[in-house]
Structure formats: C-alpha cells, structure tokens
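What follows is a single structure, written as structure tokens, with notes after it.
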Amino acid sequence: MEEPAEISTVYPPAQPENIQNESEPPVSQYQPSQRQILLGRVQTVALCWAVFLAGWNDGTLGPLLPRIQQVYHLGYLIVSLLFVFQCLGSITGAVLTMTLTPKLGFGKLLILGPVPQVIGYSLQAAALPFPVFALSAFLNGIGVSILDAQANGYVASFKRNPEAKMGYVQAAYGAGVFAAPLVSTQFAQLNHWSFQYLVSLALTLSNILILYLVFRGKTQDECLAQLGQAETDKGPSAHSHMRQALTMKSLHLMALFLFVHVGIGVSIAGWTVSFMMTVRGGGPSSGYIAAGFAGGVTLGRIVLIWVNKKIGENRGVYVYSFVAIGLQLVVWLVPSLIGGAIAVAFIGLMSGPIYPLALNRAAKVFPPWLLTAAMSWMAAMATVGGAVVPFVAGAISSKAGIKYMQPVILAMMVIMLFLWIVVPKQTYVARPRDATKTA
C-alpha cells in the first residue's frame, strides 16, 4: 500500500474541516442507483470516444512525416514546426478553457471544442501549401486541448471508481494513438495521402453528435447531479479560476512533469519511424513501429491498473520510469531493427500508466472548483512538451543526424524521473454542501 498523503491547506483557507487525510473515511456516502451507474458508464464511454480522437490526432502525424517532407520539400527542422503550431493551439485552447468554462459551462464547450478541428481537418485534407497546413495543426491543437481538459476534469470529479475510469479514458487516448498510424501508414503510400484527414474529419463530426446526445450542453454540476453527486463547494472566488489556478505552485510542478513526459511520448511516436528507416534500414512498414508504441501505451493503461492499486501512484511512476530508461538504452545501443521495435513497444507499455497516475494525483491535490482549470493548464503544458521536445530532437537531427535523437529522449526520461520527486503529495477533500440523493 502507498504511504498516507500529507495534509494540505489549500482553498478555502478558513475552512480547515475540508481537509482530511486520504486514509480517513469519506464525509458522506455516495450510493448511486443502478440507473445512475448506467448513466455514468454511458458518459464515460462518450468521453472515451472524445479522448480517443485526441489520441487519433496525435498519432496521425508520425507515419505521414516522411511523405510531408517529400511533398513539400522540407528538412527535419521545418517539418518540426507542425509540432510547434499544434503546441500553440493547445496553449490557446487551455486559455479558452479557463476563461470560457465558467461562462459557457462544460456541456457547451464539449460541443464547441471540436469545431476548430472540423476546419483544420478540412484544410489539411485539401493538401494546401505548407503554411496553411501548419495553421490547420494550430486549429486542431485548440480543439484537442479543450476536449481533453473537459473530459479529464469531468472524470476526475467522479466519486465512483475515478481512478479506474481515468485509466480507461487515458487508455482510449492510447487506442487512438495506436489506431491512427495503422491508417496513416497506408495513406502515406498513396497519391492522395492527405485524404487521411477526411477520416479524421468524419470521426470528429461523429464525436460532436455523440457528445451532444449524451450531455445535451449541460453544465458539469448538472451532469454530475444526474449521477446523484452532491454539488461541492465552489470556493471563495468561483469566477476567477484561471487566476487562482496559476498562483498554485503545485500546479506548475505537475505541469512541468507532464511537459517532459508527453514530450518523450510524442518524440518516440513522431520520430521513431524516421529513425528506424534511416538508421536501422527499415522500409515504409516502419510506420507500424509507431503503432506498436501506441499499442503498448494503451495496453499498459488497462492491464497495469491492478499493479497501480498494489504499489500506489508514487512507486508506480518510479518503477515504470526505471524500466523505460533501460528499454530506451536498448533502442539506442542495440543495432537491431526488430529488437528496437520490440523495445519501443515495451517502452509504450511502461509509459502508458504514468499519465493517468499523474492525473489521479492532481485530482487529489487541487480543490474541485479548480480541477477543470488545472487539468486544462496541465494538458496545455503537456502539449507544449509534446512540441518542444520533438522540435529539439528534430533540430538536433537536422544538424547532427537523426541517430542523436535517442540520447535526447534518454536524457528527458532521466529528467522526468527526478521531477516526480518534487511533485506534490498533498490531498484536498471537499465537503459536499448537501447529501443529495436521487432516486
């Protein structure tokens, strides 16, 4: 079992009764009806589909990079700008989430969030000049950021098995990252390679429809009330979520950890195909190695849930990180295409649980009224890492050769391990206003 969490004195400071140790029993018993349990599962599945498409977006690019370089006559450095533009879109989406969630509410943002993706995928499918293609990546980043923050913030607010459901939602992201390369690898070999984005467009339109039918544009409190959950304390400044969240040191530490972690994952998914083709002599089918990594991520987020419960969040991250570092040494130092491909898949397996474990920790650290804002900022910074680290790897590859990408990834893994040491171990437990019971 994991060691007890420390005591936090987070918001509101004048209400110490709202702070308690994780090991203490909950303040009120949450006993949903069978209908409410079923509705919660339907909501979880809908959010899994939304997060699946976020993974689909992130997993599409890797196998297409060599073709994009060929079509637009680009080097590693310039094509890496696609990661940067998506990163800028994610930051924009995070700011929009923080400012618009208190005004429009959870449900409306779920429906409006994918609209930039509809525009972005339509432009990319037309294979317009590279500046327009890069602008489309910016629009896609906005949509993915909004949806990701809303989904994670909502699932983290569940009172019934939130840790397991967060694992399932993040596994859906991994499934998207796994499925996308299987499709984009095929399109990369066709004349109309950009039609891959027509598939993405169709999936996004289905996502908008499903989210509307399930949540009907309702606020988060209204949706949770349908599950029988009582409304929690909004805090002393419910309309200044962004300002409150950004003043918390714990938020920036968590965000920095995810910055590095996601940067590592996107670097592996985005550049491993080029590395295997150039350094290890792989052919066009090397695109499936990216799918192997994503498949490992997905599998790890499901099959290792029981391990996470046994050893806890803190030890889990340490164990998975150490094993991943060892496997990364294999990819770098062992000159084998097959051996490297297998090691990459197992790196995905070890990396998979780390992101949901970090989000579960965040759900315990932050007050409930700041959870969506905090998740949004963490997701944005994670996406910044997902742009900066691959961009740095691309810049190094452009100057020194792509074989030097592997030590960059290894160094970032070591940095991530040290960052987890300083991630906060506090917990905040909110006391519901009323013991609302819905039949």
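First residue shown is number 1, and so on along the chain.
Each Cβ is built from the backbone N, Cα and C atoms, and glycine gets one as well.
So that you can see what the record holds, here are the features copied from TrEMBL:
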COMPBIAS  17-28  compositional bias 'Polar residues'
DOMAIN    43-428  domain 'Major facilitator superfamily (MFS) profile'
REGION    1-28  region 'Disordered'
TRANSMEM  76-97  transmembrane segment
TRANSMEM  133-155  transmembrane segment
TRANSMEM  167-188  transmembrane segment
TRANSMEM  194-215  transmembrane segment
TRANSMEM  251-273  transmembrane segment
TRANSMEM  285-307  transmembrane segment
TRANSMEM  319-349  transmembrane segment
TRANSMEM  369-392  transmembrane segment
TRANSMEM  404-423  transmembrane segment
Contact check, the transmembrane segment (404-423) vs the transmembrane segment (319-349), 3+ Cβ pairs under 8 Å, seq sep 6+: yes
In contact by Cβ distance (the transmembrane segment (285-307), the transmembrane segment (133-155); 3 or more pairs under 8 Å): no
Region pair the transmembrane segment (194-215) / the transmembrane segment (167-188), three or more CB pairs under 8 Å: yes
